[in-house]
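J.: These came from TrEMBL, pasted as-is:
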type     : residues : note
DOMAIN   : 101-261  : domain 'Yip1'
TRANSMEM : 114-133  : transmembrane segment
TRANSMEM : 153-178  : transmembrane segment
TRANSMEM : 190-208  : transmembrane segment
TRANSMEM : 214-233  : transmembrane segment
TRANSMEM : 245-266  : transmembrane segment
Amino acid sequence: MDESYANLQTSHLLGSVPAVVSEDRKSTSYEAPVANLQAFPPNGAGGGRGYQTLRSPIEEIEQQPANNWNGVFSISSYTQYFNVDTDIVLNRLMSSLYPINGDFFSKIDSNPDLYGLVWISTTLMFLIASLGNCSTYLMDKRSDSSTSWSFDVNYVNVAACAIYGYTVIVPLAFYFLLQYLGSKPRLISFWCMWGYSLSIFILSSVLLIIPVEFIRWTVIIITGAASSSFVTLNLRSYVEGIDLTVVLVAAFILQFGLAIFIKMWFFA
């Protein structure tokens, strides 16, 4: 390129902007403003609190009011009651078959479980429904050899309502009753105890299939008496020092009534 063009003055040309260069060139440092995060939307109108600075998660947890009902509808809060192994369950099953001890609550005090309640109730429900149908067929077969097998699905519906309803509502009713009378029971312990009290019905339901009415009544009376004694003797630990004999009698009658109901409805 010609040197004449390189030395040409450009400050007077149209559209040119002279550069301003400071002789003292200093390095500039940029400082970012401190962020102040705020919650949205603001509630400033009407005397509200307006924008609020966000708190740390720890501060939020500490300042939140305690709400005991949140855990009632959370599945994770019930996982601890299913954290039992086979040895614990077998030990509690054996204890429920010996009702005279009356120390079941002391064995489950540190770790009451709902596994026994769910497992025993579900097993008993399907067992009495299926064996009840089989028992009805055998009784009809004795009177009429031409009787054909038929499964009455209504047995399952009745068994589910009766067993699940009993194991949930009855312990709940006694829990509120004893609390009202000044005792301090644990609802989970009540559900656990009443659930294991039904384990003896699983064994007796197998014998109830025998098509002999005298044997059936003998089995169900012994079963009802044993299960009722288990509930009453263990429930007595919550009413010591208080004259609540009527509560123990009511528990015995309800448990024995369940045994009679099973016999009359499913093994009539």
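Counting begins at 1 with the first residue displayed.
Cβ from N, Cα, C; glycine included.
Nobody curates TrEMBL annotations by hand; they come from automatic prediction.
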J.: Under 8 angstroms for C-beta pairs, at least 3 of them, ignoring pairs fewer than 6 apart in sequence. Is the transmembrane segment (153-178) in contact with the transmembrane segment (214-233) by that rule?
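T.: Not in contact, no.
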J.: State the residues, same chain only, that lie 6 or more residues beyond the ends of the transmembrane segment (245-266) and have a CB under 8 A from a CB inside it; answer 'none' if no residue qualifies.
T.: 128-129, 131-132, 135, 155, 158-159, 162, 166, 170, 174, 177-178, 181, 197, 201, 205, 208, 216-217, 220-221, 223-225, 227-229, 231-232, 235-236, 239
